[in-house]
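First comes the structure, then the notes that go with it.
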């Protein structure tokens, strides 16, 4: 057996009560991963309310940037009519923006890991205010393309930094739920944006959609400044893996140890197994937390390395497949979004505002995915760990994709074939809800799987995943129209079969995943040594 720990394989449940390391206060047999330090300022040691407040600020950022980005896309037709910009150029510019949302992370992610996540979020949100106001005065294709490219770059943190920020403050056994809420915020915002944007455009004109977005982003920036904190922290790697030799209290005493000398971390949500000790250090004051500058967390050379290493990590099968799963899940959302207006307008004669209301169904589907792919997945992971003598394997989470392989084909057939046969519109709304459920669930599981596997390089492997995802999303943008030329029925029957095959691909990953992680152990731990921030 290799002397190197297998990335992602950790002892999550202390079945016999003899494992070292801090345990959860709510579940005394669950070992905390990552292991918190003794520092009172370690984000993992924050109180529950403080973590929840920070998470609320992350969701404020997501809604601020994501909601407005999708609202702008719903008023492309009036922009074209009033400014003479070709609709094809407007659509292409939006495609470039989504491409930069992924590849722009090669700049924004290393910056955030080096100079601070709080600073990065604030810069992103404030610059987005300026970009949205600029849109009001755009009247040609050149400036439209420039705006879209810049907006894609500065909005990149919404795609890959939020996931890492969640992992900064929540432990492995609870991370899935919050990642599910994040996915719901993204998809829910995307689905709800057309609802209010359609009404605002009909009532006041498309420019007021931009003004409302700018005002909303400005308010979000103020709220974030006063309540969002920095979560970069140099902690090191201390996870208890299946290769670790864990001493029992008896063996410690035989070796000359003493119960009085044993130590464990304790905070509002952490307890030691045998004895307790208080956290050390002086808590940062509120004014210190407000600072946008907390020093450099990495060297400049490490920052440059983090700008290209995410491309190298694509050679890890787990990382590439996670990106493929995420990208495939997003494709079904793109297909749904691209055809909703066409189907409900042409087939069912819906007005623009009524088309927007049909997105309420998919929003509910995304909310249900939060429960299944987040909360239920966390419970399932702990259950499987108990069954496997306390060992948690990242692949255990993938079994939650079984429902995707069943629900997605049904949803796509209801949507596409239902439109072709002109069934009652409620059937399409139900189908769209099912598709949205699988999209949000697939994204949540993909993100959690890669973080479970390579947590110590989370900021970089998440970027690798997003590069694959956004490249796939950009490509499908050019394929949707030729695909739809097959007709709704043939298009969505084909999509149903492809979607079923994609989600069934988790089966070989369950079988080979641990082998892939084992093969990557040597290079992975070498990369971890050169990555200062525990992200």
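Using the three backbone atoms N, Cα and C, a Cβ is placed for every residue, glycine included.
Keep in mind the model is a prediction, meaning the values are calculated, not measured.
According to TrEMBL, the features are:
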- 55-78: transmembrane segment (TRANSMEM)
- 90-107: transmembrane segment (TRANSMEM)
- 119-137: transmembrane segment (TRANSMEM)
- 177-196: transmembrane segment (TRANSMEM)
- 208-227: transmembrane segment (TRANSMEM)
- 313-333: transmembrane segment (TRANSMEM)
- 353-377: transmembrane segment (TRANSMEM)
- 398-417: transmembrane segment (TRANSMEM)
- 423-449: transmembrane segment (TRANSMEM)
- 461-480: transmembrane segment (TRANSMEM)
- 492-513: transmembrane segment (TRANSMEM)
When you scan the chain for residues with a C-beta under 8 Å from the transmembrane segment (208-227), skipping those not six or more beyond its ends, what do you find?
53-54, 56-57, 60-61, 63-65, 67-68, 71-72, 74-75, 121-122, 125-126, 128-129, 132-133, 135-136, 197, 200-201, 290
Return yes if the transmembrane segment (313-333) and the transmembrane segment (55-78) have at least 3 CB pairs under 8 Å (sequence gap of 6 or more), otherwise no.
no
Is the count of Cβ pairs under 8 Å between the transmembrane segment (423-449) and the transmembrane segment (55-78), pairs 6 or more apart in sequence, 3 or more?
no
Surrounding residues of the transmembrane segment (492-513) on its own chain - C-beta under 8 Å, 6+ positions past either end:
317-318, 321, 324-325, 328, 332, 335, 393-395, 398-399, 401, 404-405, 408-410, 412-413, 415-417, 438, 442, 453, 483, 486
